[in-house]
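**Student:** Sharing a structure, written as structure tokens. Questions coming.
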Amino acid sequence: MFEHIAVFFSIILSLGLVHLLGGWSLMLDAKVKVKMYWVHLLWSVNMMLLIALVWFANFALSAAADIGLAHYFVLLGYSISIYLMCALMFPVRGDEVRDFKVHYYNNRVRFCAVGLVFVITDALDGWIESAVLNTPLNLGQFGTLTVYALLFVVGMLTSSHRFHASAAGLFFLGLVGFLMSLTGATIPMH
């Protein structure tokens, strides 16, 4: 059952990855003059890293004997929210973006709202997986998700460059923590 479900969610995550790569190729195209914005670029890197980490982390589900319907729909919502966040980074169709700072702030409320859905589905996924795999709740995950939720809520309310730059940086640091938890790495405290 895991293989069947993993393929389905991998397709959704792959679409997000393809969307990001297409957007990056647009930014690199010498024929298209675009004004890049580093906060937008960092968010697109964050989304690429998130997809890679989610793909890797979901292998833990291979140990699950059964994935129930509720868990299936949570994973579906989780994957779709990641795809939609990627889709909001770059336009799907229509006029090409010339200024990614304008594009980012025009989409920030929707991006942060979908980000909040991602946080909720990730929290539900963590709660269900701890029960399915009979493991304790990952308090680090829930702490990080709480910070992410606050960042997304405030991000919907403000268009402050300083805030959005800090939010993108904090999200990146959270992903580094996620990577370290997956690999068992620790930060030396000497």
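In case you wondered, yes, glycine gets a Cβ from its N, Cα and C as well.
Got these off TrEMBL a minute ago, pasting:
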{"type": "TRANSMEM", "residues": "6-26", "note": "transmembrane segment"}
{"type": "TRANSMEM", "residues": "38-57", "note": "transmembrane segment"}
{"type": "TRANSMEM", "residues": "69-90", "note": "transmembrane segment"}
{"type": "TRANSMEM", "residues": "111-128", "note": "transmembrane segment"}
{"type": "TRANSMEM", "residues": "140-158", "note": "transmembrane segment"}
{"type": "TRANSMEM", "residues": "170-189", "note": "transmembrane segment"}
**Student:** How about long-range neighbours of the transmembrane segment (38-57): same chain, 6 or more residues beyond its ends, C-beta under 8 Å?
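**Tutor:** Tertiary neighbours of the transmembrane segment (38-57) are 10, 13, 16-17, 20, 23-24, 78-79, 82, 85-86, 89-90, 100-101, 103-104, 111, 161, 164-165, 168-169, 171-172, 175, 178-179, 182.
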**Student:** What parts of the chain pack near the transmembrane segment (6-26), using Cβ distances under 8 Å and only residues at least 6 beyond its ends?
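**Tutor:** Tertiary neighbours of the transmembrane segment (6-26) are 32, 34, 44, 47-48, 51, 54-55, 58, 61-62, 75-76, 79-80, 82-83, 85-87, 89-90, 92, 96-97.
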